[in-house]
């Protein structure tokens, strides 16, 4: 997904150096990106693994589709950290200095794009699920269940894998001194559309509808206040909705600089020629990769069940063996009525078959 070689070139006329020598110029930030990505990898991967274990417990315990979507986001973040940060930057660039076969280089680039697309687009089904839950609650009860969530996640991951294939031909923005070709233009616009413009548009529309619905309910609340009991809680923004808004807002903020720099590189000044664009690209990549490690802290800040699950995992405590909802809701009233009738019939038959006591026998019938 991201071309990690950090080199600059001040011009082909500088000291009469060859293009190969110009490609070996030092990074503007020096070793700061290496230290930053190493820390991010050492912190982000264990934190995301802990998040995945905690979400797995919550998913098996509550049988809610929400936790399956969050688990897909976490798994995609782990893939992004492994392919983009560990393989793409630390191994290929910092260790081997991009001195690897071209086929391997392009294959890793396609895998990086696929992991990045999966990390971003796994949030879209979560947003749709929250929108349906708040704006169409009756429909949400019918269509939102773990089996369907797993199918949707499988489709999203499959499409993300396929969408990374065209980026096998992604050009090296740092090393390529030639102007962007028509293929580069198509790939760059496809990239920024997939990773930013399209998902952010979906987030903006659905989150706006969610907020509009909540405000409409709050405006209707004073009219219904007389008929409501005093102990009824007021309508407010739920923690799950707040967590969704936080996840999508953080993504939009952290990925906006990189999107702007890529478009600037395409039309104004090349990363390879301008050290300022190079510096902006480095910093924007660092911000974008930070998005793969912040969700854990958002979950802890918002969700008490998640904090409890994390505490159980850290302390090596087993969670509940059974789910709180052992029977489906539609079957509970039916079973209750059947059991009530059955027990009533048994009591009635026992009463009819029991002989009258002497005290009752004396009463005239």
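Glycine residues also receive a Cβ, built from the backbone N, Cα and C atoms like all the rest.
What TrEMBL says about a protein is an automatic prediction, not a curated fact.
Using a Cβ-Cβ cut-off under 8 Å and counting only residues 6 or more beyond its ends in the same chain, the transmembrane segment (34-55) has close neighbours at 67, 70-71, 74-75, 77-78, 81-82, 85-86, 89-90, 94, 286, 289-290, 292-293, 295-296, 299, 306, 309-310, 312-314. The annotation transmembrane segment is assigned in TrEMBL to 34-55 (among others).
Looking just at the domain 'G-protein coupled receptors family 1 profile' (47-299), the mean pLDDT is 88. Summarising the annotation, TrEMBL assigns domain 'G-protein coupled receptors family 1 profile' to 47-299.
Per TrEMBL, the feature transmembrane segment maps to 67-91 (among others).
The transmembrane segment annotation in TrEMBL covers 149-169 (among others). Cβ atoms under 8 Å from those of the transmembrane segment (149-169) belong to residues 1, 65, 68-69, 72, 76, 106-107, 109-115, 117-118, 121-122, 124-125, 129, 183, 187, 190-191, 194 of the same chain, restricted to positions at least 6 beyond its ends.
Positions annotated as transmembrane segment by TrEMBL: 189-211 (among others). Long-range neighbours of the transmembrane segment (189-211) within the same chain, counting only residues 6 or more positions beyond its ends whose Cβ lies under 8 Å from a Cβ of the stretch, are 1, 113, 116-117, 120-121, 123-124, 127-128, 130-131, 134-135, 163, 166-167, 170, 241, 244-245, 248, 251-252, 255-256, 259, 262-263.
Look at TrEMBL and you will find 244-267 (among others) tagged as transmembrane segment. Residues of the same chain lying 6 or more positions beyond the ends of the transmembrane segment (244-267) and with a Cβ under 8 Å from any Cβ of it are 73, 120, 123, 126-127, 130, 173, 180, 184-185, 188, 191-192, 195-197, 199-200, 203, 207, 210, 277, 280-281, 283-285, 287-288, 290-291, 294-295, 298, 302.
The transmembrane segment annotation in TrEMBL covers 279-302 (among others).
Positions annotated as compositional bias 'Polar residues' by TrEMBL: 345-356.
Here TrEMBL flags 345-365 as region 'Disordered'.
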Sort out the residues at least 6 away from either end of the transmembrane segment (67-91), same chain, that have Cβ-Cβ distances under 8 Å to it, and list them.
1-2, 4, 33-34, 37-38, 40-41, 44-45, 48-49, 51-52, 55-56, 58-59, 108-109, 111-112, 115-116, 118-120, 122-123, 125-126, 129, 146, 149-150, 153, 156-157, 160, 247, 289, 292-293, 295, 299
Within the same chain, where does the transmembrane segment (279-302) have neighbours whose Cβ lies under 8 angstroms from its own Cβ atoms, ignoring anything closer than 6 residues to its ends? I mean 6 or more beyond.
2, 6, 27-29, 33, 36-37, 40, 43-44, 47-48, 50-51, 70, 73-74, 77, 80-81, 84-85, 119, 173, 239-240, 242-243, 246-247, 250-251, 254-255, 257-258, 260-262, 264-265, 271, 310
